[in-house]
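Listed features, source TrEMBL:
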TRANSMEM  B:26-44  transmembrane segment
DOMAIN    B:83-291  domain 'ABC transmembrane type-1'
TRANSMEM  B:87-108  transmembrane segment
TRANSMEM  B:120-141  transmembrane segment
TRANSMEM  B:164-186  transmembrane segment
TRANSMEM  B:214-232  transmembrane segment
TRANSMEM  B:274-294  transmembrane segment
Amino acid sequence: MKMKKVISLGLAAAMTVSLLTACGQTTEESSTSSDGNVQIEYWHTMSGVNGEAMEAVVNTFNETVGAENGITVKSVYQGDDVSEKLKTLAQANDTKNFPNVAQIVGAGVPSALDYEQLIKVEDMYEKGENITVAKEDLDEHSVRAFSYQDELICMPFNVSSILLYYNKDMFEEVGLDPENPPQTIAEMAEACEKLLVKDGDTVTRYGLNVAVRRYQLANWIGGQGEYNFFGNNEGGRAGMMTEVTFGEDGSLDKFLTEWQKVVDTGAYKEVEDNINEEFSMGLFGMAIMSSARIGTIDSLVGDKFEWATAPLPKVDAADTGGTAVGGSCLAMFDKGDEAQVDASWIFTQYLASPEAQIAFDTATGYLPVNTKVYDEADMQTYMEENPNYTVAVDQMRNSNVNVQEPFDIINWELDEIIKNNMAEFGAGNQDKDTTCTNIVEQCNEKLAEYARANG
Amino acid sequence: MEKQASFTGRGRVKKKKRLSKRIEPFLYLAPALIFFVGFTYYPFAKTVFSSFFLVNSMGEIREFVGLENFISVLTNPAFLQSIKNTLIYVVMSSPIAIFIALLLAMIANRKTKLSPVYEMLYAITMAVSMSVAAMIFQLMYNPTIGILNYIFNTHFNWLNDKKIAMIALSLIAVWLNIGYNFLFLLSAVRGISSDLLESADIDGANFFQRTFKIIVPIISPTVFYLICNSLAKNMMMSGLVLILTQGAPQGSTETMISFMYKQSVNNLNYNDGYAAAIIAFIITSIAMAFSFSFEKKGVHYN
């Protein structure tokens, strides 16, 4: 009896202890693995087909460049909230559990700047050791996208461009020229009108589907004129963005005036439910989406109909700005081990090298961040075989480098403000002027709140 | 001398025993207490403390601002709407889930050879995790390719129409909670002595009298427990929102906790986050107090 009690107490104690230690476990792994290689950890956000391509690139690195330099990279899929996880680590100052390299979205760059563990890519270039990818070879649009105060913070890796997707068969059916997609929002409105099919009062086929959110608006604001900033301090790239400037410079009003034409057709679906599937089911003739979806649309549509991509329709036919670079970059972190930093640097550059870029981009449809890629025969054939992809490449390369998504830090909050107001405007529940004032005032209020707590 | 020595010796043994006896309950409490203090009481105290300060995006305290954070969220239409949404959600999902579970428990009351089968069928939603249920319902709710619109031949945009999105979320919660409620209510209904029901039958009570005069009063402690439980759970709901709608369309599905989560985690705004958390706590406490007042009137323990 007594024995039993002792044993059960002992077991309970052991379990409690193991629980506690499991919580507090720190990764005490040494930086070298059993084969003498330097081991580094890489966090990424890619799943599905993209995830497979990511793993393949990391494996190739481990077998080639990594093996030559004595580096083993352990890649970890972390879901799409890598930025949130890094922030938690930074707040707890838990350097040990930081990854060596992490893939983060562009909007996460300004927050990452605050982490003392971050190593700026610019500093690595300045140090000048082990350089395998020259900074000059990197695409200037991508460089600007991930730079703050003219310093490259994170290495560009997978980028995309916003495009107009349109159903060529449907264009032909209603008498639109499938080889001449709309170039401006006004032309898009005209196309919408023709594509509309109604059964009594209910719309059975829309002309266009897109929910205008921060991402879309940043492109339409940014592309106006030669280029146009979203907020002050060059949209947050020269200093903290504390207010939006699209109100006072009239660019939001200009966009909304054009957008009104689309809304007025009654052929505009202002909420996105399942835009990929619905486009491939022919529920609307046009959609505006990132070029990263070309592969998905391709497999969904199959042989059902002919479709193509076109550059994003402009606000004004005279605009020359182009579009912003969307996508992710690689952040490097210092965990206090020199050998790991060197290894991370070699790995980070490898991911931006022509070799890795071709392998990854042709498998996923992301756009190259290294201009040397275009000299390679593999990429040239890929672009010839995939004209939809080439549209995105050309659009990015012809854009002004200053056209970028803002570094607004509270991107989620601004996204919600823009999304809600644009949905009300798109549904005809809110007029143009109210929408314009609301977006400007609400964005500025939130930005001021952030600046007050963090300025 | 000897006597005295043995006396004190015995006394020490007694004392020792008493001490170990006195410590024993605390040893049993300790594991739970350690976790409560570490993961509930300490964060709670810290949240209350921090809510009176201006906090930056790294969670560092900047300056004392008094009640400013509370005023800021309470004048924020988005948060006020989230309070309203939460209450609507609770009112829609808590009673219905209990009512349906009660009906099922009455149906399943009589024990037959097959009863384990339908008992399991009714209770199985308990074993479905919320996030899995959310993904299943997301497909069912899809306006173009979802099964619900197909079966009922409707054109509802379940999760993207501000008039029905919250109802759509409540439906999932009802479905999820039925299993749990059913288990409790079934054992309560089965616990009623058959003598009581038989004598009621002999006295000529009809079905409704039997249900509302005898069964419901007897199982009222269980119902009360379920009400408290689902109130607390539903007041704190955020998972369905964060997985399915992120508060959209137009903030019509934002709950107090999803607002808190988004402000602190996505927008790095701990000022709103702390204040929202405390207001949510206070509102939930009031709701609990309200349901306890019902206990005095409606719950029969004998």
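From the backbone N, Cα and C atoms, a Cβ is placed for every residue, glycine too.
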Beyond the flanks of the transmembrane segment (B:214-232) by at least 6 residues, Cβ under 8 Å: 90, 93-94, 97-98, 101-102, 106, 177, 181, 184-185, 187-189, 191-192, 196-197, 200, 205, 284, 287-288, 291-292, 294-295, 298-301
Intrachain neighbours beyond the transmembrane segment (B:164-186), with Cβ under 8 angstroms and 6 or more residues off its ends: 85, 88-89, 92-94, 96-98, 100-102, 104-105, 108-109, 119, 122-128, 130, 133-134, 137, 141, 156-158, 219, 222-223, 225-226, 230, 233-234, 237, 240-241, 244-245, 248-249, 252-253
Cβ contacts under 8 Å made by the transmembrane segment (B:87-108) with residues that lie 6+ beyond its boundaries: 115, 118-119, 122, 166-167, 169-170, 173-174, 177-182, 184-186, 188-189, 211, 215, 223, 226-227, 230-231, 234-235, 237, 255, 287
